[in-house]
Amino acid sequence: MAEPPTKIARREQKTQPKETPPTDASIIIQFRSANGDDTGPQLDIPHNVTPMQLEVLLNGLLNNEEKLPYSFFIEEQELLGELGAHLGIHKISVEKALSIVYQPQAVFRVRPVARCTASIPGHSEAVLSVNFSPNGSMLASGSGDTAVRFWDLGTQLPKHECKGHKNWVLVVAWSPDACYVASGDMNGVIHLWDPAEGKLMGTCSGHGKWITSMAWQPAHKALPSQRFVSGSRDNNIKVWDAVTRNCVLSMSNHTQLVTAVKWGGEGLIYSASRDCTISAWDDTDGKLVRVFKGHGHWVNTLALSSEYVLRTGAFDHTGKAPKDPAAAKQSAAERYAQATAGKPERLVSGSDDFTLCLYEPSTSKNPIARMTGHVQLVNQVVFSPDGRYILSASFDKSVKLWDGCRGTFIATLRGHVGPVYQVAWSADSRMFVSGSKDSTLKVWDLRTRKFKVDLPGHSDEVFTVDWSPDGSTVASGGKDRVLKLWRH
């Protein structure tokens, strides 16, 4: 039976927060930067001001010639509607000046992918890994059919089929200057390819068991790209020279297989292992710097807060980079400095113990936060390109969103009906895509925390998904052996 309206009105009266400003009141605010510095004087503004109007105000205060987009936070809650209503809902007092923290957003906008624009057969076994080039113009895929394939994103057609591996290709990794692709297989062999010609440039042999992960030295440390690191099921981590194909460093302190390696922007190489630990190594001499012991079970996955800028190197979001190596290295250094804003890089790990750990590896071996909430193992963790958020994909069929600086929980995104294997962010940090065992991809909106687009089309499990650094295309692959490209 419906409740009488008087009863509802009385209940609403009771639940009205006491300090909501009256309808015609004004509110005194103080803008603050993310670093905590006051910006401009205290301002007296109407209670019904919107984020758009605050943006105009802030651009004026900062004397920005080009108007920049910002997001605004009050006591760590993002302001999405009128200020007065927000304060009422969150019961925030306005007795003293209200501190509003602003954060710049990406100046460009990525459009949500909405349809499959190409289904490209070619692999004769499951597609295990898809990876866009740093400039977003090409795509490499590795498969159980032992081939590495390169795809042209302009024509959406296969460009080269590269044969040479004798077993499943588990990992493909682009160098940040887009001149090399390294591929690692189940026998422990690594091949180096020229993506433009599809030619085999050489082989790196030394691992005794399969390759689990690979990462290249950042462009702001070395250009042209030359060194990369590999982790293997043989418990070892090796650094290779791509030109001579020699192993230049070999590191080992893990007692079980290495699940993930990352090459950080501050001179450290990170390795995660099934022995429940993460190690940090000096990338010049291979010495062990720190061991992180936050997990009680296998560590499956690692991500760095600077990952997007490390991946793209000197290439901007339109895929352009200086031709001259010295200028390109300088451009990569500037992009890295801008992305990290002088703060130490953060590392997040995901584990079979259902938790994530967030570290600041250069300052402490203890986690900033231990992030709990998943009820099954964590498959993958990724930082947003701006480093502000972390996503985790889990066997519990959910994706969780976390604060990238403090590790606090923000939201659970449900929609998949099977384990979520991988997630990937759009270049502007406003959306992300997830791929699942349930054969679908889903595109989610960061701001609303809801899913924007459902992308069915695969006929079986989706193992791997990537969003191009220029934002134009999502690629997915899986058990049905078909590579799919998705665009706006």
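Any Cβ shown, glycine's included, is placed from N, Cα and C.
Residues or ranges marked as region 'Disordered' by TrEMBL: 1-25.
Secondary structure of the domain 'NLE' (27-87) per DSSP (helix as H, G, I; strand as E, B; remaining residues coil): 16 helix, 22 strand, 23 coil. As annotated by TrEMBL, domain 'NLE' applies to 27-87.
Counting residues 6+ beyond its ends, the repeat 'WD' (120-153) has Cβ neighbours under 8 Å at 159-178, 181, 183, 185, 191, 193, 195, 198, 311-313, 315, 319-321, 463-473, 475-479, 481-485 in the same chain. Look at TrEMBL and you will find 120-153 (among others) tagged as repeat 'WD'.
When Cβ-Cβ distances below 8 Å are used as the criterion, the repeat 'WD' (162-203) is approached by residues 125, 128-135, 138, 140-144, 146-150, 209-216, 218-219, 223-225, 228, 230, 232-234, 240, 242, 245, 310-315, 328, 332 of the same chain, each at least six residues removed from its ends. Per TrEMBL, the feature repeat 'WD' maps to 162-203 (among others).
The repeat 'WD' annotation in TrEMBL covers 204-250 (among others).
What TrEMBL lists as repeat 'WD' is 251-291 (among others). Within the model, the repeat 'WD' (251-291) carries an average pLDDT of 97.
Listed by sequence, the residues of this chain that lie at least six past the ends of the repeat 'WD' (371-403) yet keep a Cβ under 8 A from its Cβ atoms are 76, 103, 105-106, 297, 300-309, 339-340, 346, 348-358, 409-414, 416-425, 427-429, 432, 434, 436, 444, 446, 449. For 371-403 (among others), the entry in TrEMBL reads repeat 'WD'.
Per DSSP, the secondary structure of the repeat 'WD' (413-454) breaks down as 0 helix, 24 strand, 18 coil. Summarising the annotation, TrEMBL assigns repeat 'WD' to 413-454 (among others).
Sequence-distant contacts of the repeat 'WD' (455-488) (same chain, at least 6 residues past either end, Cβ-Cβ under 8 Å): 108, 110-132, 134-136, 139, 141, 143, 145, 149, 151, 153, 156, 308, 311-312, 315, 317-319, 418, 421-428, 432-443. The repeat 'WD' annotation in TrEMBL covers 455-488 (among others).
Residues in the repeat 'WD' (371-403) partition by DSSP class (helix H, G, I; strand E, B; coil) as 0 helix, 19 strand, 14 coil. DSSP places the residues of the repeat 'WD' (204-250) in helix, strand and coil in these numbers: 0 helix, 22 strand, 25 coil. Secondary structure by DSSP for the repeat 'WD' (120-153): 0 helix, 18 strand, 16 coil.
Secondary structure of the repeat 'WD' (251-291) per DSSP, as helix, strand and coil residue counts: 0 helix, 22 strand, 19 coil.
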